[in-house]
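Everything below concerns the one structure shown next.
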Amino acid sequence: MRGKFISLEGGEGSGKTTAIHFIRQWLDDHKIPYIMTREPGGTPLAEEIRQLVLTPRDESVNDVTELLLVFAARAQHLAEKIQPALDKGTWVISDRFLDSSYVYQGKARGGDIAMLDQLANWVVGDNKPDATLVLDVPVELGQERVVQRQHQDRLDKESFAFHQKVRDGFLERAEADPKRVKIVDASQSLESVKSQIEEQLAKLNEAWAGDC
Ligand code: TMP
């Protein structure tokens with residue numbers, strides 16, 4: 001049976017690293033074969049593209065350039081890593097995927113959504129995530145965590161208003177597709193975040209078991 005594809009999304013400083021740790025624990029406990037990956041990136045070439053996208057630079061980065069780079073990385077990632085794993089029945093957990101493009105390049109940068117839809121159909125096709133967990137935190141809290149980081153990337157350095165649009169964008173994605181996109185309140189205690197994630201994974205696993 002084809003593996004399940006779960007993406008993890010959220011704004012800067014939403015606690016994805018900790019969430020990934022909880023997800024790993026749950027998958028290990030349930031003896032589910034999986035790979036963890038991330039976007040932009042996930043393969044050597046896609047990781048090189050990640051550097052192009054995220055490195056702070058003096059030259060201003062054109063919005064279309066940024067959009068095409070994230071989709072170029074995604075095409076490589078899908079072909080070389082995600083599809084082969086799913087075909088083998090392995091679950092794929094990706095730290096970010098397509099929703100980030102709609103939110104960052106679409107909502108926050110004001111990109112053309114019809115163009116994003118076309119790229120999504122062309123590059124991703126039917127390989128959309130089966131489920132998406134969005135870690136939601138108020139922008140103030142996310143920003144507090146980001147300023148403590150030693151290295152801030154080009155997108156971390158965007159304005160408060162940009163990050164507010166990112167948060168709103170993810171909440172809108174969840175509202176538009178509540179069956180797939182689940183919100184985790186990541187402003188709560190670690191125990192609460194852990195149990196929210198475990199609860200979502202258990203529900204998904206139960207629903208998918210019923211699909212067989
Ligand atoms: P992160 O892995 O630390 O969250 O950094 C990845 C950054 O890349 C984050 O700021 C969001 C951004 N990004 C996009 O702008 N578009 C995309 O499609 C993806 C996958 C990520």
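For all residues, glycine too, the Cβ spot is worked out from N, Cα and C.
TrEMBL entries are annotated by machine, without manual review.
For Gly10, Gly11, Glu12, Gly13, Ser14, Gly15, Lys16, Thr17, the entry in TrEMBL reads ATP binding site. Mapped onto three states, the DSSP output places Glu12 (ATP binding site) in coil.
Taken from TrEMBL, the feature domain 'Thymidylate kinase-like' applies to 8-197.
Within its own chain, Gly10 (ATP binding site) has Lys16, Ala19, Val134, Leu135, Asp136, Val137, Phe170, Ala186 as residues 6 or more apart in sequence whose C-beta sits under 8 angstroms from its own. Comparing local CB density within 10 A for the binding-site residues Ser14, Thr17, the maximum falls on Ser14. Other than the site residues Gly10, Gly11, Glu12, Gly13, Ser14, Gly15, Lys16, Thr17, same-chain residues with C-beta atoms no more than 8 angstroms from the centre of those residues' C-beta atoms, the ATP site, are Leu135, Val137, Gly142, Arg145, Ala186.
Under a cutoff of 8 A between CB atoms, and with a sequence separation of 6+ in the same chain, the neighbours of Gly15 (ATP binding site) are Leu135, Val137, Arg145, Ala186, Val193.
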